[in-house]
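Working notes, beginning with the structure itself.
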Amino acid sequence: MALGNHSTITEFLLLGLSADPNIRALLFVLFLGIYLLTIMENLMLLLMIRADSCLHKPMYFFLSHLSFVDLCFSSVIVPKMLENLLSQRKTISVEGCLAQVFFVFVTAGTEACLLSGMAYDRHAAICRPLLYGQIMGKQLYMHLVWGSWGLGFLDALINVLLAVNMVFCEAKIIHHYSYEMPSLLPLSCSDISRSLIALLCSTLLHGLGNFLLVFLSYTRIISTILSISSTSGRSKAFSTCSAHLTAVTLYYGSGLLRHLMPNSGSPIELIFSVQYTVVTPMLNSLIYSLKNKEVKGERSLRDSSHLPQLHKGQARWKRPAFTEGRREPGHPELSIPVTPQPQGACACSALRAAPTALP
């Protein structure tokens, strides 16, 4: 496209959430509280998983990276939004805008891949519990996690390198509170066809592709849970994946509503965007902390004066996820001797000896 006599702009102007100073002050306090809560929740979860050997399992390795991604995603969006709520001049350079777009792509793409990897982990734990330790070996879950980061960075690099070549002329007002690629493309006066193709591929591969992987995993999981005859068995099996299922629903639900809305700056579009970029990172760690029994158990243990001791002699361990006084088809009960633990030892270490225990 010929640029003619258009002057090239070097900064963008954000309209933000509101022009009313009183509303902006109220929103500043609200979003600052949410941001601080997000940081504290995710840091606490990270430190807990790191410090406690009982939580050194594939699921918690995924969860630690998910918490770190949520922490980064929130830190990319919220600080600049808080600055704009207090500032009269809501501008940012083109380079700064593209830097924010890059890290949004990295964190959002990595989170989508991590959620699909966690879905596969839950699929292996529920559908093939006897082989879980062999399926989710250290090499596999390390590859899944670091592969998620690699795909996130690759996706961001491709999209931003194409955006660097775009020229922005005259129109520089963004009807939003943050900088995202769909908001920038209409402002360009150069050819954006390649950027549109790259954005479409990113949406299909990272968004739709990972969603299909999660959907297929949970189709098998639900089928397996429904095949369990006892109500308590079904309840225990479902509880192992309820936190992840809630996080997936929140992520894809809010993301779908956000990206289906036009970038017009309408109140309803801004509400869905705030839900996706500000509220969801805060809720993820809260969901896992409240729904996961081991995380709640570790918090309780830290408040106790001592850890409970195992009874001496031969203890018998029954896999808790499916059986309760009866045998389920395809999931036979196994009784496994547990080695007595010394006082003060982690009670979870005894459970690692049981390969049939649901992770």
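Yeah, the Cβs are placed from backbone N, Cα and C, and that goes for glycine too.
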Gly233 vs His259, same side of the membrane according to Swiss-Prot: no
Three-class DSSP secondary structure - Cys97 (disulfide bond): helix
Average model confidence [pLDDT] within the topological domain 'Cytoplasmic' (218-237): 88
The topological domain 'Cytoplasmic' (47-54): DSSP-derived helix, strand, coil residue counts: 7 helix, 0 strand, 1 coil
Contact call for the transmembrane segment (55-75) against the transmembrane segment (198-217), three or more Cβ pairs under 8 Å: no
Region pair the transmembrane segment (198-217) / the transmembrane segment (100-120), three or more CB pairs under 8 Å: yes
Three-state secondary structure, which DSSP defines for Cys189 (disulfide bond): coil
